[in-house]
Amino acid sequence: MNSVGEACTDMKREYDQCFNRWFAEKFLKGDGSGDPCTDLFKRYQQCVQKAIKEKEIPIEGLEFMGHGKEKPENSS
């Protein structure tokens, strides 16, 4: 599946491959220490957020995506 932004598609594929490899080879075998894909994910996330803003896609709550903040209780 392609990403929301064409410029992000290669980053998405790279992250997906990294995560799937880590999940299958480490996490499922009991090694949950660390995630080697964190930097890839952060770069991909920034790319997606930029694409969403450039395309003016209205997404409520985008400002807190990935910043460790919980969704406000009054949001649905």
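In case you wondered, yes, glycine gets a Cβ from its N, Cα and C as well.
When Swiss-Prot is consulted, the disulfide partner of C37, picked from C8, C18, turns out to be C18. Annotated by Swiss-Prot as motif 'Cx9C motif 1', the relevant range among 8-18, 52-62 is 8-18. Across the motif 'Cx9C motif 1' (8-18), the model assigns an average pLDDT of 94. Counting every protein chain shown, the number of other Cβ atoms lying within 10 Å of the Cβ of M1 (N-acetylmethionine) is 6. The 10 Å shell around the Cβ of F27 (site 'Important for interaction with PRELID3A') contains 13 further Cβ atoms across the protein chains shown. For the motif 'Cx9C motif 1' (8-18), the list of distant contacts is 1-2, 36-37, 40-41, 43-44, 47-48, 51: same-chain residues at least six beyond its ends, Cβ to Cβ under 8 Å.
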